[in-house]
């Protein structure tokens with residue numbers, strides 16, 4: 001019976017696996033269709049790129065399919081197909097980088113291989129084999145070591161790899177094949193044809209520029225951070241409790257706003273490197289400083305850490321009472337709005353290729369900081385600081401004095417009544433009531449102290465955000481100077497303001513805004 005039960009359980013499990021697999025097979029077409037549509041909807045350029053790769057492969061396959069072309073090139077026509085598969089990338093910069101690396105590496109390797117063949121062919125066959133082995137060892141060792149150099153690794157790693165591969169193929173095969181020059185010539189020709197087709201399809205047919213992607217990404221991240229800060233500050237002072245109790249952070253729009261920025265280091269560096277290969281120029285035929293875009297991205301990531309901490313204040317378990325937050329609502333919202341305006345102004349500066357006015361932005365930030373400082377000074381007892389610490393100490397001393405004065409009075413009552421045990425018990429109860437009341441007052445003071453901490457951290461992060469924003473403004477200003485942006489024009493006043501490289505620093509120390517670590 002036990003064996004039958006085990007067999008029946010195994011059969012039921014197997015049938016369950018079969019039904020589960022069948023269900024997955026039935027749902028696969030729908031899931032594949034939805035995922036395919038989602039990928040194309042996120043970026044329609046992916047669909048265009050796929051068609052471009054298909055057309056390029058079809059064109060290069062004619063070298064192998066058409067009889068006249070095949071007779072001229074032969075079996076080496078497959079090298080052109082391999083070149084298109086490897087070199088054809090999504091952006092023009094990536095295609096140029098791989099194509100030029102592959103072409104240059106092949107040309108240099110072929111030249112060095114024929115020089116090696118010319119030297120090894122003179123004395124005899126034994127010396128030739130030894131010389132080829134030594135040459136392969138030296139070139140392989142040196143090339144592999146050169147790939148560890150950071151500059152070579154970053155810019156020419158693929159070309160060095162192709163150089164090593166081509167050199168070994170030509171040098172080693174020349175020992176057994178007499179007519180190696182024709183093979184090398186055909187391979188160089190087919191690789192050149194494949195690279196040419198890739199470049200034509202990438203540059204002339206709906207090109208996707210790496211620099212344009214980097215430019216748009218920088219603008220969108222500036223605007224995304226501006227929206228994050230604005231929503232964070234408004235939700236912190238919102239009356240509803242739903243905004244501060246979100247469990248699923250992946251669905252939070254604030255989280256989505258800065259998540260892409262935190263993970264952008266590798267993407268920015270790659271796009272900046274690929275864009276440096278693209279033949280694009282600004283006014284006066286100057287190259288666009290794509291490396292400066294990467295520096296702007298680094299400054300934004302440094303700035304976004306404060307935004308992450310500010311978002312954490314919304315999800316804190318301990319919250320400052322709404323009555324206290326309402327006292328500083330207007331000042332904090334104004335400061336958050338000014339920071340958002342600065343980020344949007346920087347985004348517009350990059351989008352329109354024009355400089356901005358650091359003086360105007362800094363003045364508005366200073367005015368907002370002074371407004372918050374005045375609001376904090378108007379209610380000093382509600383903010384963590386030295387004054388509040390003295391008030392708590394004064395309150396504790398007062399409680400101790402009350403305890404000392406109340407205890408003798410209770411003892412006097414017990415001694416004057418002379419009612420024995422009942423009077424002593426009554427005096428103990430009175431003492432406990434007085435102490436219990438005083439302890440409860442101390443607990444209330446401690447609770448108010450802990451509840452004020454989250455708001456102190458929130459205001460401290462706002463001020464820290466203004467300090468870190470100065471670095472972002474510096475990098476964007478350097479970008480405008482290096483890229484020859486147009487001069488800033490004051491549209492409201494109709495005046496033309498020449499922007500200089502120096503701008504006033506926002507003095508945070510003079511604002512006397514208490515931070516979370518103040519005593």
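Note that Cβ sites are derived from N, Cα and C of the backbone, with glycine treated the same way.
Feature annotations, reproduced from TrEMBL:
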{"type": "TRANSMEM", "residues": "47-65", "note": "transmembrane segment"}
{"type": "TRANSMEM", "residues": "77-96", "note": "transmembrane segment"}
{"type": "TRANSMEM", "residues": "103-120", "note": "transmembrane segment"}
{"type": "TRANSMEM", "residues": "126-146", "note": "transmembrane segment"}
{"type": "TRANSMEM", "residues": "158-176", "note": "transmembrane segment"}
{"type": "TRANSMEM", "residues": "188-206", "note": "transmembrane segment"}
{"type": "REGION", "residues": "387-425", "note": "region 'Disordered'"}
{"type": "COMPBIAS", "residues": "393-404", "note": "compositional bias 'Basic and acidic residues'"}
{"type": "COMPBIAS", "residues": "405-418", "note": "compositional bias 'Polar residues'"}
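For the transmembrane segment (158-176), the partner stretch with the most Cβ pairs below 8 Å, chosen from 47-65, 77-96, 126-146, 188-206, is 126-146. The transmembrane segment (47-65) and the transmembrane segment (188-206) are in contact, since at least 3 Cβ pairs between them lie under 8 Å (pairs 6 or more apart in sequence). For the transmembrane segment (188-206), the most Cβ-contacting stretch among 77-96, 103-120, 126-146 is 77-96 (pairs under 8 Å). Proximity of distant same-chain residues to the transmembrane segment (103-120), defined by a Cβ-Cβ separation under 8 Å and at least 6 residues beyond the stretch ends, is recorded for 127-128, 131-132, 135, 139, 158-167, 170-171, 174, 180-181, 184, 187-188, 191-192, 195.
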